[in-house]
Amino acid sequence: MDRYAVVGNPIAHSKSPQIHAAFAHQTGEALGYEAILAPLDGFVDTVLAFRAVGGRGMNVTVPFKLEAHALATRLTPRAAAAGAVNTLAFGGPETPDDILGDNTDGAGLVRDLTVNLGCPLHGRRVLLLGAGGAARGALLPLLEQAPAALTIANRTAAKAVELAAGFAAGHPGVAIDGGGFDALAGRRFDVVINATAASLADQAPPLPAGIYAEGALAYDMMYGRGDTPFLAAARADGAGRLADGLGMLVEQAAESFLLWRGVRPDTAPVLADLRARLAAA
């Protein structure tokens, strides 16, 4: 049986083993999937040890995505653009030293938005909040959907400006700009995506009022039993639709499964089961 794992620190909270077990059962793929706690200074050793005992691939979570990027011997275009890796695929007998690094986070976000939520991004005005790793990982897949405009806003404006400039040249058909939260005053957006960690601190990004266009979607990469602080603030400010990041979690896992096994699982029943468990917790 082929072995896969998710590696991180901490890792006990991870839903990845449950998700991939459901995918394997649904598709009839014979595989095992486990969670591995790596020491903060022992990521590379942990990965290589897992590969040495027959591991075929790994998901990578906090805080090791940059180290995974450095460890990979080759990168997918979306991983190169993200500057971080959340999925590793190990080479077979002919290429034992090959480690492919991929980043499925942004693709998972886009699939959740466009397929699960029925929210097309083409021609829309998109606002991405944050300029860290989560935001960077989402940018290329978002831009590939050809929105009319994509604005990056961050507490430190210079980081948003720099991130926007790094992607603007490759996407001349999209109006890309970056700045601070206060620069959003008087502007309106069709899709607002929170890629900041503010919800972890039980806070919402300090956004000016009135940024949501009629029927706009507010999307938080974080998730919980109820509204996150960002979604609660969006509801109060008139967002037409609200969504959290549980679907993104399932869809990025499906992208990893597709990379490893060559088959895309049906995510709808897995997402519904996770949502029910979360509500009952």
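From the backbone N, Cα and C atoms, a Cβ is placed for every residue, glycine too.
Quantities reported herein were computed from a predicted structural model and do not represent experimental measurements.
Among the candidates GLY186, GLY245, GLY247, the residue that Swiss-Prot annotates alongside GLY130, ALA131, GLY132, GLY133, ALA134, ASN154, ARG155, THR156, ALA157, ALA158, LYS159, MET221 as binding NADP(+) is GLY245. Taking only the Cα positions, the spacing between GLY245 (NADP(+) binding site) and TYR223 (shikimate binding site) is 5 angstrom. By a simple count of nearby Cβ atoms, those within 10 Å, the most crowded of the recorded positions LYS15, LYS65 is LYS65. Comparing Cα positions, ASP105 (shikimate binding site) lies closest to LYS65 out of the recorded positions LYS65, GLY130, GLY132, ARG155, ALA157.
For THR61 (shikimate binding site), other Cβ atoms within 10 Å of its Cβ number 19.
The Cβ neighbour count for GLY132 (NADP(+) binding site), using a 10 Å radius over every protein chain in view, is 14. Rounded to a whole number, the distance between the Cα atoms of TYR223 (shikimate binding site) and GLY130 (NADP(+) binding site) is 17 Å.
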